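Only one structure is covered here, and it is reproduced in the block below.
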Amino acid sequence: MERKRKEMEKAKSGLRLVMEELCLCSPGDGEEEQVQVKVQEQPRSSIMDLLSVSKQLLHVLDEIGPTLLVLRQDIQQNIQRLQDLHERDSSKYSSLTAIVTEEVEQGTAKKTKSCTRAIIWLSRSISFSKCLLERLLKAPESNLEEIVEEAYSSTLKPWHGWISSAAYKVAMKLIPEREVLIAVLMGNCQDFEDLADDAKLLTYAVQPMLEEINAILAKHNLDKLKSS
């Protein structure tokens, strides 16, 4: 039974696995209407939702290789920080709002190692990935380096200081071929159109979560924090 389950998972794109982890669709479902209803029904500010998407993003980066190591390390550290906090009290720290509010009241939200900063940078990394995915499927004539540069400029670059920007400039020069990334995203899926459908549904599904996170941060004037 376990072996059969693993074989079924291998036949799905990584994007569909994310949607299933988020409980936005069950295995075999693919209707946008079903995703829309479930997005409306359940709040997206759960720490587990943020961690689920972030971990899958980490998996994709692992498959690509060392090219985007700087992004991978950042995501891994922020995931670990939130996981450690959640394990201390899973009930108290199940909500992103509760985490940010507590750190604001304690005066620690802007500190380098705060969980609020972890939330900020994970959401920005997801925004970058969402933008990258949309451009990847909409502009088949563009090479991957151009697509990554555009996605980076519109999502992460405004918040990066010179150290982070310099690290990303180096990473850009090591971007793999477009076909390599497509293959990673598809996994063992047989049809590119299925991947495109999954990508469309996933980008639609994570948007409410990103909007909620931004609203939480904006409420406390934390949405424009920059890195070094």
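Cβ atoms are placed via backbone N, Cα and C, with glycine included.
According to TrEMBL:
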- 48-186: domain 'Glycolipid transfer protein' (DOMAIN)
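Across the domain 'Glycolipid transfer protein' (48-186), DSSP classifies residues as 110 helix, 1 strand, 28 coil. Here the domain 'Glycolipid transfer protein' (48-186) returns a mean pLDDT of 86 for the predicted model.
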